């Protein structure tokens, strides 16, 4: 809906695959000591010496994970990196390198791919990760981005999903539900625009939640904060599929139960007001929304004093014995069993 | 053309993403010491201790890189892994782990994805690599596979593309041109089948070249052989885009020239006879065909005695001063400048 009709169009086929990669990556700088050799050989060469290597990968598909009608390509490039870095931070590690592979149909001119890479580069610069490889190919339809992120962590620092114990506190960073609601706002504007192409979207009052959807940030700062506070989580995961689904992962993998308190879930005022406008329940959005890329982790009770004054961290529950189950304790003090209703890309209506 | 009409069809959406990954990966075994944690957390955790880490990635797109009309899904899974392992071996390294991400449309039932993973598993078992992660999502159309391979190598052993010196010998493993010709045979059979669906393809006389296309092997054995022979290449690359393109990479990155001798290029008798049948020049096929996944490397002259008797290795030329250029020396002893005519997925007629 923000398409520039005068955009320049250079055909990618003129450059060829090697020319394209060279062109797109020429302004990327190497920032990590562990990168011995980045792009330009059969494989990248990395040197993690005594640290452990973290590897994670995510695939974003046009029409499934994003809609270019409202997702600017630069934001998409940025988000594709964030989604992966978030997984590295969720291991309590430092993200160090990424590979980016894209498949794109010939409806995309060079300028579009440059926009995408501008977003990838901004992410690399901001988060100090090196682009070390990738593959660029044509597709018969649409755009697809596959990112693999690497990171490093010492054996002492690594945090898995399975270390939570009964009585550990359940903590979440930032606030949640915004990304999903932002998507609902963008979808509504798309419908309005389809009905009336002259309409001008006014997204001012939704700026925070729209940004949560279009330009999420991976919580590198929280990993640093926890180190500074000398708190090592007993288990951790990032919130990509919704709070409910992630709590189930931590609890089942740790073989513990959990009580999540509805009134403790951190919600931005814009999330609350937009939920009222859309007439949907804010708790449902927080539990099932996904794409917040906040960190969800458990800490020992004794670490509570270290985090309690921190505005970026909220205790939302505690772990229990496995036999007590995984529950939401409502505002009315009722216990309801939590079920995963995270997003399933294979389920369509 | 080999479709089983009685195949079972189970819908993937019933399993969901987590269920699908669990189902597909349950028979995969961990074989590498360096794999601390494979699938099941936010990121895999690897431990390469004093070795360097190699990372490479490739994307295979239906309709661009493969045609399911003649590529069985099990072979496709196997090949997608080979393409990546080949890049690790081309660094003189040992492949240790892979991640596999797939996007697939709802025309694929669970049984099809199981076939694909059976091929991936066969590759993992045969080459002793661990599947440590991935992503599985729906696509609006077709099948796409993104594989990232990791490997390890000591700092002393790693071989880059840029180490060739004038007078080094240019060596290739196995024989080349077969994979491309196999593809031509399969394309022809597809046309025949389209015209007459009752026709039965007889591929007996093309068995070697069809197998080169459908089930290539990465040359792990050559890396071991070179170690046993105590030969460390001065530069190395794998042949994915055609001999010509790869020679240009080695020469330009090493800043040397090269003389490639037409009469030395190793061709299988089936490649020669099929070229005659198709009335195409075998040298052209060898130079530009691609997908052979053989290794192309340079060695010091003094290492020649160590490799000369070996049936798996052929000296096909030598490096020269950069000023002499990169040339094919024909059977008629003419020098022709080599130009890259490797495959470009963005160029379509």
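Placed from the backbone N, Cα and C atoms, the Cβ positions cover glycine too.
Quick look at what TrEMBL lists:
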type    : residues                          : note
DOMAIN  : B:40-153                          : domain 'PurM-like N-terminal'
BINDING : B:42, B:56, B:87                  : Mg(2+) 4 binding site
BINDING : B:42, B:87, B:238                 : Mg(2+) 3 binding site
BINDING : B:57, B:58, B:135                 : Mg(2+) 1 binding site
BINDING : B:58, B:87                        : Mg(2+) 2 binding site
BINDING : B:65, B:291, B:343                : substrate binding site
BINDING : B:117, B:134, B:135, B:161, B:240 : ATP binding site
BINDING : B:241                             : Mg(2+) 5 binding site
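Reduced to three states, the DSSP call for residue B:238 (Mg(2+) 3 binding site) is strand.
In this structure, of the binding-site residues B:56, B:57, B:240, the smallest number of CB atoms within 10 A of the CB marks B:240. The binding-site residues shown are B:42, B:65, B:87; of these, the one with its CA atom nearest the CA of residue B:135 (Mg(2+) 1 binding site) is B:42. Note: the CA-CA distance between residue B:240 (ATP binding site) and residue B:65 (substrate binding site) rounds to 12 Å.
According to its DSSP assignment, residue B:42 (Mg(2+) 4 binding site) is coil. Chain A has a C-beta under 8 angstroms from the C-beta of B:57, B:87, taken from the binding-site residues B:57, B:87, B:291. Note on residue B:134 (ATP binding site): other Cβ atoms within 10 Å of its Cβ, all shown chains, come to 26. In this structure, the CA atom of residue B:65 (substrate binding site) is 11 Å away from the CA atom of residue B:58 (Mg(2+) 1 binding site). Within 10 Å of the C-beta of residue B:135 (Mg(2+) 1 binding site) we count 24 further C-beta atoms, all protein chains included. Closest to residue B:42 (Mg(2+) 4 binding site) in space, going by CA atoms and restricting to the binding-site residues B:57, B:134, B:241, B:291, is B:134. If you take the Cα of residue B:291 (substrate binding site) and the Cα of the residue listed as 'Mg(2+) 5 binding site', they are about 6 angstrom apart, rounded to a whole number.
Other C-beta atoms found within 10 angstroms of the C-beta of residue B:241 (Mg(2+) 5 binding site) number 23, with every protein chain shown included.
Non-local neighbourhood of residue B:58 (Mg(2+) 1 binding site): B:80, B:83, B:84, B:87, B:146, B:147, each in the same chain, at least six residues away, with C-beta under 8 Å from its C-beta. On the 0 to 100 pLDDT scale, the domain 'PurM-like N-terminal' (B:40-153) averages 94 in this prediction.
The Cβ of residue B:238 (Mg(2+) 3 binding site) has 26 neighbouring Cβ atoms from other residues within 10 Å, across all protein chains displayed.
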